[in-house]
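Colleague: Below: one structure in structure tokens.
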Amino acid sequence: MKSGILTSLVPIPPRLYDRRTSRHIQPETGMMTENREQSPSYKRVLLKVSGEALMGDGPSGVDPVMVDMVAADIADVVASGVEVCLVVGGGNIFRGLAAAAKGMDRAQGDYAGMLATVINALMLQNALERRGMETRVMTAIQMAAIAEPYIRRRAVRHMEKGRVVIFAAGTGNPFFTTDTAAALRANEMECDALFKGTQVDGVYSADPRRNPDAQRYDQLTYLEVLARDLNVMDAAAISLARENRLPIVVFNMHAPGSFGAVMRGEGLFTKIIEAD
């Protein structure tokens, strides 16, 4: 394995790692052994990049400097030997729910929001490819001129070849958020964890940008997130992750190198897992 974030890890043969139990199957004996490493090891992860994370300090739109920083962070993680796929939001360009509140048909607004995610996906693709990385954009709505249609087995094959796969257009259905799309794709790709890059360094009891007394959590269970109605992901996304025991890691995407640091278990972040 290349030097970098996970230099101390022995590569896990395909399908010999069960992320739901954090156990490894020994090829020689077929026996299961517990993963006793202090820091989590990840072979394949999904990074959810919110549209707001691409705005930088602006009120809307895309900040090219921020996009390039995110691309650099992703490139460093991929160079370490980790397979990475992405789901991008579109809230920096258009929000279907907000448009619906002003009278627009909700389904039409959601479809417009899906198109916004494709714009962000193409921006990230360009930034990654300028760094010499192979990428594929796959959309839940067919747009053959600019992206591949989403086919699960093809997406898995792209990742096995070391390509960064960028999933856009959400689930392809209105009334579903890109957070739900992220949980769905992470499970379909059999990722070891879902990382959500936001504008703050974890999950708080309230918006820390508005409430200085907001409490930050180091770790939560899925049920605690739902019971406390914490505004980190919608209930459908949390429930989907819980049903499949998919860990969620929430961190600040605005800090350079933050994705790689969190992959090493460093810095500030909140981990959402099943109760012991």
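Each residue, glycine too, has its Cβ placed from N, Cα and C.
Where the annotation comes from TrEMBL, it is an automatic prediction and has not been curated.
From TrEMBL, for reference:
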- 43-252: domain 'Aspartate/glutamate/uridylate kinase' (DOMAIN)
- Lys48, Val49, Ser50, Gly51, Gly91, Arg95, Thr198, Gln199, Tyr204, Asp207: ATP binding site (BINDING)
- Gly90, Asp110, Thr171, Gly172, Asn173, Pro174, Phe175, Phe176, Thr177, Thr178: UMP binding site (BINDING)
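Give me the lay of the land around each of these features.
Modeller: Regional average pLDDT for the domain 'Aspartate/glutamate/uridylate kinase' (43-252) in the model is 94.
The C-beta environment of Tyr204 (ATP binding site), restricted to residues of the same chain at least 6 apart in sequence and closer than 8 Å, consists of Ala214, Gln215, Arg216, Tyr217, Leu230. In the three-state DSSP scheme, Tyr204 (ATP binding site) falls into the strand class.
Cβ environment of Phe175 (UMP binding site): Arg106, Ala107, Asp110 lie under 8 Å away, each six or more residues apart in the same chain.
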Colleague: Given the binding-site residues Gly90, Thr171, Asn173, Thr177, which one's Cα is the least distant from that of Ser50 (ATP binding site)?
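Modeller: Closest candidate to Ser50 (ATP binding site), judged by Cα separation, is Gly90.
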Colleague: With Thr198 (ATP binding site) as the reference Cα, tell me which of the binding-site residues Gly90, Thr171, Asn173, Thr177 is the closest one.
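Modeller: Looking at Cα distances from Thr198 (ATP binding site), the smallest one goes to Gly90.
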Colleague: At a 10 Å cut-off from the C-beta of Thr171 (UMP binding site), count the other C-beta atoms across all protein chains.
Modeller: 20
Colleague: Take the C-alpha atoms of Asn173 (UMP binding site) and Lys48 (ATP binding site) and report the distance between them in angstrom, rounded.
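Modeller: About 18 Å separates the two Cα atoms.
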